[in-house]
Amino acid sequence: MSLYLKAEKIQSWRVLIMACAGFIFNTTEFVPVAMLSDIAQSFDMQTADTGLMMTVYAWTVLIMSLPAMLATGNMERKSLLIKLFIIFIVGHILLVIAWNFWILLLARMCIALAHSVFWSITASLVMRISPKHKKTQALGMLAIGTALATILGLPIGRIVGQLVGWRVTFGIIAVLALSIMFLIIRLLPNLPSKNAGSIASLPLLAKRPLLLWLYVTTAIVISAHFTAYTYIEPFMIDVGHLDPNFATAVLLVFGFSGIAASLLFNRLYRFAPTKFIVVSMSLLMFSLLLLLFSTEAIIAMFSLVFIWGIGISCIGLSLQMRVLKLAPDATDVATAIYSGIFNAGIGAGALFGNLATTYLGLNEIGYTGAALGLIGFIIFITTHLKYRHTFLLQNNKKITAL
């Protein structure tokens, strides 16, 4: 094997490790969705109230993403990753022993702190450590890792939770995180901070209208998705009258749709980025609008959830790629803001879902999400039409507004 091929193989393994890290972080963020009923029962709470643990997690990421990124902006990236995993593991140990819901929320906030920095640096890191001609594929690999969190993480987490308790699920995640941390120590090179940006980058980013409106669109569209997705488990059981095993299968289908979305993104996004986003948003709205009707037949729900998963996964990938394109001079800061806003959308969606469930009924979460999705869709189309011919100047380079 030539030195070039050997180096490329090592780089590919490094990307795979980061994809596994993404899998772990996404699994722990969303696995409560599959165990809300069990967690609520443990603390003698209403399921809708337990869903607020998603809100607290997401809003911790929102609040901490930018300040934490600025505080760690000059740190060598490998050592930073190791520190993040230590915080992540300690948070999960606290989750396992949580003796009341408030301790559980404290543990989730600890994990969210690690999350806020991890997702601020991961996309740009993956592109740095990947083979030169496989940058887009590397981002796609990271996306597959996050998609596997819903394919394997959520269903397996639910199964483990049902068999031996939700605490064991979080304990297993801690063990997996420890294994990945050792792989990072062993295989990742030292990675000095590069194009991370600083507090001085904020005024420059604030002068890029396409980027600012992209953040607004992200917050609203992600809120639309999580308005329904946060409560999909009780929706399927209480409204759809599905057996809990079928509910697990639906989550599995949602996860597989993420892999399909990653493949579509790798093949199609570069040819027509804006059309790709528009179609993806349309799929999301269509799915949420028809969510209640899909409960009439099992096959309808499986089909709709698959389409829904493709839509939201493509949205997440394409919006993140656009952020990187619009802020190549401050990738980590711009991504930190994106990550914070993305999680604000998760928290707001969980809250909207809670309000819809409480005041309108669980069967209305799809309509509520679709209404929010329409608002985000209109904002995206309007701002694209207004700014599609603009150019952003940074470091004497023209950055085409895609």
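Yeah, the Cβs are placed from backbone N, Cα and C, and that goes for glycine too.
If you look up Swiss-Prot, you'll see 15-35, 51-71, 84-104, 109-129, 137-157, 168-188, 209-229, 245-265, 276-296, 297-317, 333-353, 365-385 marked as transmembrane segment.
A contact links the transmembrane segment (245-265) to the transmembrane segment (137-157), because at least 3 Cβ pairs that are 6 or more residues apart lie under 8 A. Remote same-chain residues near the transmembrane segment (51-71) are listed as 29, 32-33, 36, 39, 101, 104-105, 108-109, 111-113, 115-117, 119-121, 196, 198-199, 226, 230-231, 332-333, 336-337, 339-341, 343-348, 350-351, 353-354 (criterion: CB distance under 8 Å, separation of at least six residues from the stretch ends). The stretch in 109-129, 168-188, 297-317, 333-353 that contributes the largest number of Cβ pairs under 8 Å to the transmembrane segment (15-35) is 168-188. Tertiary proximity for the transmembrane segment (333-353) is limited to same-chain residues at least six positions away from its ends with a CB under 8 Å from its CB atoms, namely 29, 51-52, 54-66, 68-70, 73, 112, 115-117, 119-121, 123-124, 196-198, 201-202, 205, 211, 215, 218-231, 316, 319-320, 323-324, 326-327, 365, 368-369, 372. The stretch from 84-104, 109-129, 168-188, 297-317 with the most CB pairs below 8 A to the transmembrane segment (209-229) is 297-317.
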